[in-house]
Every structure is written in C-alpha cells, then in structure tokens.
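One structure is given here, and the rest of the page talks about it.
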Amino acid sequence: MRQLLNSTFEGTLRVPGDKSITHRSLMLAALAEGRTEIKQPLKSEDTYRTMEIMRAIGADITELDDKWIIESKGHEHLHSPSAALYTGNSGTTSRLIIGLLAGVGLRAEFSGDDSINKRPMDRVQKPLLEMGADIRLKDEKYPPVHIFPKPLKAIDYNMPIASAQVKSAILLAGLFAEGTTVVRESSPSRDHSEIMMQQFGADLVSKDGVISLEGKKTLKASDVTVPGDISSAAFPIALAILKPGASITIENVSLNPTRSGILEVLEMMGADMHIETLPGGGEAIGNITASYTPELRGFNISGEIIPRLIDEIPILALLAAYSSEPCTVSDAEELRFKETDRIRAVVDELSKFGIRFEEKEDGFTVIPGSIDSVPETDVKGYHDHRIIMMLIVFSIVSDTPLNIDDSSAIDISYPGFINDLESLRKDA
Ligand SMILES: O=C(O)C1=C[C@@H](OP(=O)(O)O)[C@@H](O)[C@H](O)C1
Ligand SMILES: C=C(OP(=O)(O)O)C(=O)O
C-alpha cells in the first residue's frame with residue numbers, strides 16, 4: 001500500500017460486479033428451472049459463500065472466467081443440505097437464505113464467522129414465523145440458525161426498519177407461500193430482488209412503497225449481467241475528490257436510485273463530478289467521473305436517503321472530515337448492526353487524527369477544520385471491508401502510512417482494490 005503514497009490518480013476503471021445483485025442472481029438461478037448465465041459476477045468472499053450454499057442444496061454451478069453458469073431443475077428438485085452451512089461474513093447470504101430455505105421447505109442449519117454470529121437474525125425470523133415457518137435462533141436472536149420445513153402462507157407486512165435483507169427474505173419465502181405476500185416500506189431500500197424476481201417471471205408488482213407478490217409461481221431461468229458496484233466505486237470516487245490533481249472515471253456502474261444516495265450527497269457537497277447514464281432496461285447503469293475538489297460544502301442527511309447510501313457512510317465520514325462545513329448523519333442506527341459497529345469504528349479510528357465528532361446513537365456530526373497534519377499511526381480495521389478501504393483512502397489522501405492491523409477483509413467485497421488503485425497511479 002505504501003507504493004500508493006505520494007502519487008496522483010488518473011484514468012478509467014471498472015469496479016467489480018455488484019455484491020447485492022450477484023447474491024440474488026445465484027439464489028434466483030438456483031430456484032428457477034433452466035440455465036442461467038451470470039455475466040461479470042462479483043467474485044468475492046461473500047458471494048462465494050452464497051455460491052457454496054446454492055451448490056449444497058442442489059444447484060449445478062460452473063465457474064468460467066467472466067461468467068458463472070447455473071443449471072437447476074427448479075425449486076422442487078432442490079434438497080436439504082447434508083451438513084451445516086457456513087455463511088462466513090455475509091449478512092446478505094445469512095438473511096436471504098433464511099427466506100429461501102424456509103420458502104422451499106428445506107431443513108438446514110447455518111452459522112457464520114465471529115461477526116455474523118453476533119448479527120441479529122430475529123428481524124427475519126419474526127415475519128417468517130408469521131408466515132408459518134419454524135426457525136430457531138441462538139438466544140432468540142443469533143446464529144446458529146435452524147430451519148425446519150413447514151408450509152407457508154402469505155402475510156401483509158409493515159417493515160419496522162428499512163432493510164433490503166429483511167424485505168428480500170420475506171419475498172423469497174413469499175415466492176412459495178399460499179396467497180399474495182405484501183411488504184410495505186416507509187423508506188425505499190435497495191430493490192434488486194424485486195427487479196430480478198420480475199425478470200425471472202415472478203408475479204410481482206411494486207408501487208409507492210408497496211410490493212405484492214403472488215405465491216406458488218414457477219420461476220424461469222434468465223441471464224443476468226451484473227453492473228459495477230456503486231458501494232465499491234465510492235472509494236475511488238472519494239479518492240478522486242480528495243486527492244489534489246486526481247480525476248477518475250468509473251465505467252458501467254449501477255446507478256439504481258435505491259443505491260445512489262452517495263451521488264446526491266456528493267452533489268450537495270459541490271464535488272466535481274459528472275454522471276453519464278447509459279441506455280438499457282432493468283438496473284440503471286452509467287459512468288461516473290469524479291475529480292479533485294479543493295473546497296467541499298457540508299451536508300445534513302437523515303430519513304429516506306439513509307438506506308440508499310447505508311454502506312457508503314464510512315467513506316462519507318472521511319469526505320466530511322475534509323469539508324469546510326459541519327456534516328451530519330442521523331437515522332443511521334442500522335450502522336451499529338453491520339460487520340462491526342460502523343459508527344463506533346469510524347469515530348474511534350478517525351478521532352486518532354484529531355478529527356472531531358459528536359457521536360449520537362443514530363449517527364454523528366463531523367466538526368469542520370479538524371484535520372491538519374496526519375502522523376503515521378496504528379489503526380484498526382475491525383475485519384470490516386468498508387472501514388479498511390476508507391482507511392486506505394485516508395492514508396493515500398494524506399500521503400501518510402497508516403498501519404492497519406489486518407486488511408484481509410477487503411476480499412469480502414473488492415478483492416482487486418489495491419491493484420485497481422495501482423492501475424490509476426501517476427507518479428507525482
Ligand atoms: O440486501 C442487500 O444486499 C444489502 C442490504 C443492506 O443491509 P440491510 O438490509 O441490513 O439494511 C446493506 O447494508 C448490505 O450491504 C447489502
Ligand atoms: C453490510 C454489508 O454487507 P452484509 O450485510 O451482506 O454483510 C456491506 O457490504 O457493507
């Protein structure tokens with residue numbers, strides 16, 4: 001990483017495929033009858049956990065260089081796994097497979113790594129119990145999760161939190177339930193499951209925050225081309241904005257409005273950024289060019305935008321530290337239930353450099369003007385990919401080595417991160 005210091009960054013990049021879309025395409029391909037090609041999938045720790053689980057329940061998956069081919073005889077031919085499943089560090093795998101396994105009517109048990117085994121699963125269990133599922137949790141909240149086969153009936157569910165993982169688990173179960181499953185959201189969370197279920201032939205309508213899905217319909221295989229992940233793109237974009245002389249274009253990245261809240265905040269901050277939308281159906285895609293912006297304005301975000309940028313808040317905190325005005329994030333208590341408590345992690349690590357925060361239960365305010373000199377410092381990554389990549393961007397922007405205890409978790413979502421930055425490096 002030290003080779004990235006004292007450089008500037010210029011050029012064009014394609015970030016790896018979208019993690020949320022890759023997980024869902026593996027799951028829907030396993031449930032559908034026929035052959036699905038997933039083009040440009042994200043090959044990362046988290047998506048391999050989903051792949052292994054789809055194999056363990058009977059999907060036939062071939063990995064080629066630039067695509068995965070999934071052949072399945074449909075959900076009726078899937079079977080209970082012969083051993084306990086492992087979801088690693090992946091919240092999306094863990095939450096979504098509860099809905100999928102209960103929906104198909106399989107018997108299974110799973111747990112994950114130390115972080116997953118501390119993340120709440122009762123948020124998914126609750127609506128599924130209402131559907132008639134039999135799901136048991138450790139201490140009524142955590143993995144190991146045990147799922148037993150039971151017939152399901154549709155429910156009408158008001159989402160108590162904005163969570164695409166909970167919504168998707170209900171919809172995956174609803175595919176096989178008797179009746180019409182309805183999910184009501186007050187703030188829109190990412191809608192990849194809805195878009196992809198429609199593509200695979202589900203009878204699903206989504207309008208004004210109400211999603212209705214008819215149960216007991218057979219899915220048909222359908223090819224998926226995975227766009228670049230805007231959550232991964234956020235790191236080189238932030239680098240471009242903060243690093244004098246930098247200008248980076250990210251091509252072919254998801255611009256789905258339920259994911260692109262970060263771009264709205266960068267506009268509020270007055271970042272030098274140009275967005276070009278590309279034609280196509282389904283998921284919105286485009287190219288983003290971001291360039292060094294010497295003066296950044298503040299922001300104050302809360303409410304409906306939060307789920308649309310939830311994974312970008314660690315890197316937004318770094319951008320906020322370089323702003324000339326206060327920056328406030330509220331209504332983001334969900335950050336405390338991610339790979340680590342991301343509010344604590346951001347505040348604890350960035351405070352080491354004199355960056356001043358007012359921490360709240362549901363977010364923080366960053367006080368302007370607090371960065372002056374950045375000394376070489378030991379920092380912690382908490383085995384959280386988003387925290388680690390934020391710290392790496394900070395190190396590069398400040399031209400200061402930051403000694404991160406362990407960077408291996410980058411592979412959870414963006415295995416080629418350092419190489420991609422290296423490819424953009426121009427010696428200063
Ligand atoms: O459904 C998904 O693919 C995801 C939903 C979000 O989690 P929540 O549903 O817990 O908000 C997000 O933080 C996570 O990275 C991926
Ligand atoms: C929170 C994340 O993922 P997951 O919930 O799938 O572990 C993330 O990718 O930032």
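Using the three backbone atoms N, Cα and C, a Cβ is placed for every residue, glycine included.
Curation plays no part in TrEMBL annotations; they are all automatic predictions.
The feature active site, proton acceptor is assigned by TrEMBL to Asp311. Following the DSSP three-state reduction, the secondary structure of Asp311 (active site, proton acceptor) is helix. The number of other Cβ atoms within 10 Å of the Cβ belonging to Asp311 (active site, proton acceptor), over all protein chains shown, comes to 24.
Marked as phosphoenolpyruvate binding site by TrEMBL: Lys19, Gly91, Arg119, Gln165, Arg342, Arg386. Under the three-state DSSP scheme, Gln165 (phosphoenolpyruvate binding site) falls in the helix class. Around the Cβ of Gln165 (phosphoenolpyruvate binding site), the same chain contributes Gly91, Thr92, Arg95, Leu96, Val124, each under 8 angstroms and 6 or more positions distant in sequence.
The Cβ of Arg24 (3-phosphoshikimate binding site) has Leu96, Ser168, His192, Ser193, Met196 as same-chain neighbours under 8 Å, each 6 or more residues away in sequence. DSSP assigns Arg24 (3-phosphoshikimate binding site) to a helix in the three-state reduction. The 3-phosphoshikimate binding site annotation in TrEMBL covers Lys19, Ser20, Arg24, Ser163, Gln165, Asp311, Lys338.
Taken from TrEMBL, the feature domain 'Enolpyruvate transferase' covers 8-421.
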Suppose we screen the binding-site residues Lys19, Arg24, Arg119, Ser163, Arg342, Arg386 by Cβ distance to ligand 1 with a cut-off under 6 Å; which survive, in sequence order? Ser163
Give me the mean pLDDT over the domain 'Enolpyruvate transferase' (8-421), rounded to a whole number. 97
How many Å separate the two farthest-apart Cα atoms among the phosphoenolpyruvate-binding residues Lys19, Gly91, Arg119, Gln165, Arg342, Arg386? 19
Which of the three DSSP-derived classes (helix, strand, coil) applies to Arg342 (phosphoenolpyruvate binding site)? helix
Compare the C-alpha of Arg386 (phosphoenolpyruvate binding site) with the C-alpha of each of the recorded positions Ser20, Ser163, Asp311, Lys338, and give the closest one. Asp311
